[in-house]
Amino acid sequence: MNGSAYTHTRSSLHHHFPVFSVNMAASMASQAAARGLRTATSKRFLLDKRKGTCSTPRRWLNLQEYQSKKLMQESGVAVQRFYVADTASEALEAAKRLNAKEIVLKAQILAGGRGKGVFDSGLKGGVHLTKDPAVVGELANKMLGFNLTTKQTPKDGVKVKTVMVAEALDISRETYFAILMDRACNGPVMVGSPQGGVDIEEVAASSPELIFKEVIDILDGVQDEQALRMAANLGFKGPLQRQAADQIKRLYDLFLKVDATQVEVNPLGETPEGQVVCFDAKINFDDNAEFRQKAVFAMDDMTESDPTETEAAKWDLKYIGLDGNIACFVNGAGLAMATCDIIDLHGGKPANFLDLGGGVKERQVYEAFKLLTADPKVEAILVNIFGGIVNCAIIANGITKACRELELKVPLVVRLEGTNVHEAKRILTESGLPITPAENLDDAAKKAVAAIRK
């Protein structure tokens with residue numbers, strides 16, 4: 001994705017890089033690893049958990065685990081043998097076809113924490129290991145069609161429609177490897193660590209000497225000596241070093257092939273039989289490349305997306321629902337985060353994160369207000385606009401139109417600054433609408449919080 005691409009993990013909000021992932025999981029790790037080596041590779045804005053009760057890693061493009069593995073497989077990357085099943089009988093047949101010593105059955109949902117989740121069928125755990133194919137069928141029967149609740153799903157859980165039946169492999173050693181776009185290097189970099197299977201941010205903080213980085217020349221690609229050096233740094237020895245280097249080059253081929261902004265493998269493991277296997281991966285895609293990645297984007301799974309976020313995306317609005325009662329209407333992710341923070345500072349709770357972006361149109365303003373007012377928790381709306389690219393007059397016209405047509409019934413506090421601000425203030429003043437003006441962000445937050453307490 002480009003620099004304005006947007007993502008969030010639900011106890012964190014990120015702007016500038018992604019993320020819109022395959023939910024093999026959130027990809028905070030590789031960003032942090034690169035950051036530990038050389039300044040931030042992507043800017044991250046963290047919401048304190050008390051402000052938002054969100055936790056599911058989500059990206060604009062959401063792929064299930066099996067879809068990501070399929071993309072890797074198609075690029076020659078070594079993954080476990082697997083099948084996908086939509087019924088218990090299909091799962092049983094898949095387990096028989098695998099003819100593996102041990103089988104892992106995994107419910108396919110985008111939320112993390114599946115292993116400790118609970119189904120409304122009574123089954124505990126969305127990930128199970130067994131040596132008996134018949135058990136796979138029995139377990140799938142208690143997964144498919146039932147809701148799985150984890151710490152990252154809505155309270156009612158998510159209905160499981162698909163399961164992945166895969167060969168379970170032993171891992172004798174786990175490493176971490178990622179390829180990501182690094183602004184500091186103006187291109188892709190490889191980041192790796194011999195300590196995989198754990199939170200790479202912790203490794204970067206406690207043992208930065210175990211984080212290795214290789215800058216990739218965008219014209220020459222990954223050179224053999226680079227791949228071998230990274231494999232050695234990851235701790236692969238003898239024939240495994242060459243095998244790991246080959247996997248590294250294949251992962252870079254995948255990175256280019258699907259227009260990724262990040263491919264993260266954790267763990268990149270070594271088996272007792274002497275295989276190098278990518279056991280789990282996260283892939284972030286460049287949303288600007290959708291026009292030439294139609295097959296990839298066609299796999300997008302929107303069934304678990306929040307309906308409001310999905311509707312917001314139609315209007316190019318970056319929206320995340322939170323658990324407060326003061327709606328935020330802001331341009332720019334950084335300013336939106338600051339607005340959430342200052343509302344909290346003055347004793348309020350933000351109801352959402354909403355970034356209008358730069359080239360705002362009047363219709364977007366109207367649709368944004370429509371989304372905000374549809375939230376029953378909202379008791380006040382705070383508009384905070386700093387017009388650089390944004391024309392404040394367009395915002396003002398959109399606000400007045402929305403207030404009239406939607407018959408706004410909650411207090412509205414507006415702070416405008418920047419391009420065409422005098423005209424914008426005139427529009428609001430002459431509208432005759434009950435709009436509370438604010439001089440600055442601090443004043444706006446105080447007035448919004450006070451409006452609720454009245």
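Heads up, the Cβ atoms here are built off N, Cα and C, so glycines get one too.
Annotation source TrEMBL lists GTP binding site at Q80, G113, R114, G115, L169. The C-beta environment of Q80 (GTP binding site), restricted to residues of the same chain at least 6 apart in sequence and closer than 8 Å, consists of K69, V104, A166, E167, A168, L169, V277, F279.
Sequence annotations record features per position, and here TrEMBL assigns Mg(2+) binding site to N266, D280.
For N331, G388, I389, V390, the entry in TrEMBL reads substrate binding site. All protein chains shown were included, and the count of other CB atoms within 10 Å of the CB of I389 (substrate binding site) stands at 13.
Here TrEMBL flags 69-297 as domain 'ATP-grasp'.
Counting Cβ atoms from all protein chains shown, E102 (site 'Important for substrate specificity') has 13 others lying within 10 Å of its own Cβ. Here TrEMBL flags E102 (among others) as site 'Important for substrate specificity'.
Taken from TrEMBL, the feature site 'Important for substrate specificity' covers D170 (among others).
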If you measure I389 (substrate binding site) to D280 (Mg(2+) binding site) at Cα, how many Å is it?
41
Would you mind checking how many other C-beta atoms are within 10 angstroms of the C-beta on N266 (Mg(2+) binding site)?
26
Non-local Cβ contacts of G113 (GTP binding site) (under 8 Å, 6 or more apart, same chain)?
T150, K151, Q152, T153
Tertiary neighbours of G115 (GTP binding site) (same chain, Cβ under 8 Å, six or more apart):
G125, G126, V127
One should report the C-alpha separation between N266 (Mg(2+) binding site) and V390 (substrate binding site), rounded to whole angstrom, as 41
